[in-house]
Each structure stands twice: as C-alpha cells, then as structure tokens.
C-alpha cells in the first residue's frame, strides 16, 4: 500500500549556468586628460588669436596710414556740405576703422531734408556720403505751414528763410492725417496729380493758382492768383474741366474782380457767378 503521508520527493531543478562576474575596466585617466588638454588648449588658442587680432586691429587703427583725410559729399541743392559733415560727426584725422557707418547714416537721416543716405568707407583714407534730398512741390496749411514732397509726405515745418513760392494746399488737417492716414495720403496724391497737370499746361497754368482746397465730400476747388476767385472742379476728370476753363478764361480775366465763383463740375456747362 502507498503511504499517503510519505512526502513526495521534490523534482530537482535544472542547474542554471552562472554568468561569470563582470570585470570593471580600469578608468583611462590618460585619455581623459588628453581630451581635457585638447579642449583647454583649443580655448586658449582661440583666446590668444582673438587677443592678437584685437591687438593688430588697435595697431592698424592707430597708425597714421589709416586716418581720415578725404570727406566726399554728393552734390546738394538745399543742404550745405558742412551741415552734412557736422551731422555725421566726423573730421579729418579720425581713425578709418573707428568710423561707425550705420550710426553716421542715422545721424544724417535725422535732418528732414534727407530722404536717403548712403555712407561708404574707402581705404586707406576716404569717407563717402551720398545724400538724396527731398524736394518740396507744395506747401500744406495745417495751422502751421509744412512742405509736402512728391510722394505726398509732409516732411518739414516752414521756418524763417524757407521759400514760399509753391502752391498752397488747404482742407487737410493734422487730425485728418492722424485719424485716417491712408485716406489723407490718397487725397494729397490726388491734389499732387492736379498740380503736376497744371505744371504741364500751356494755358491756365499753375502760376495762375494761389490755393488748392480739398474737401472730402466735394473734391477740389482752386483759387485764382488774381482776385482769389474759387474755381470748383469737384473730383476727377481735371484735364477736360480745365480745357473748358482755358477757352473762356482770357475773357473772364477782364471782369475777374466781380466774379464770385466759377463752377466746372458739370459735364455740359460752365457756371460763372458774378457778385
């Protein structure tokens, strides 16, 4: 009979192969030191080259061979040569490598007459400054008088000595420009196109106009140089309207002192209103 109380023999587990213990590699201090030495040496070399380069720069900058001797300024219409040199803040004897061209250009560009400036250095001793000046084509009255250039940009308040021999534009204020810059710029360009057309005419020329008034709701009204008679043009089609005026203007000149206005803003007629 089986002995139920007899313990069963435990199965023998298969012996696992034991891995040999890992052996720690010795630290290669010599390799680490070599790499560290290379990094430190490279940094030292870069630093030394930088210091040497700066030293060479100082020597070159200080040598009399690279001193400013010639200052070239492009031909000017309004500004004076010495004004540009004073704005640039340079003088003969300055070190050529110490000239900061961008800063010089920015200083010159602060003058309202300057629209564009180009500054160049030519070794061993020349500084060149090419200046493009703004040219006024009209005066705009916004409480104060300002010059207006061909792009429709208001660029300078008039001061004592400035010329006034330009057509005067009215009807556009500083508040208009601040509130609606794009619309105001468009209106000014429209007026400038009319001025350009008047300049090109052989009859009823720009000289016969003293003021050009712009009204956002109506358009353009001219005022004659003689007696200040309003000439209502409205908006657009200026060439045809002025052609019609030119045909009768010589006759009207004899009685211009009694005219209240001339209205050209019609397609088929001209209205001449007397006082």
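For all residues, glycine too, the Cβ spot is worked out from N, Cα and C.
Going by Swiss-Prot, these are the annotated features:
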type     : residues : note
TOPO_DOM : 1-38     : topological domain 'Cytoplasmic'
REGION   : 1-20     : region 'Disordered'
TRANSMEM : 39-61    : transmembrane segment
TOPO_DOM : 62-275   : topological domain 'Periplasmic'
DOMAIN   : 66-134   : domain 'POTRA'
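Each residue in the domain 'POTRA' (66-134) gets a DSSP state, and the totals come to 21 helix, 23 strand, 25 coil. Predicted-model confidence for the topological domain 'Periplasmic' (62-275) is 95, expressed as mean pLDDT.
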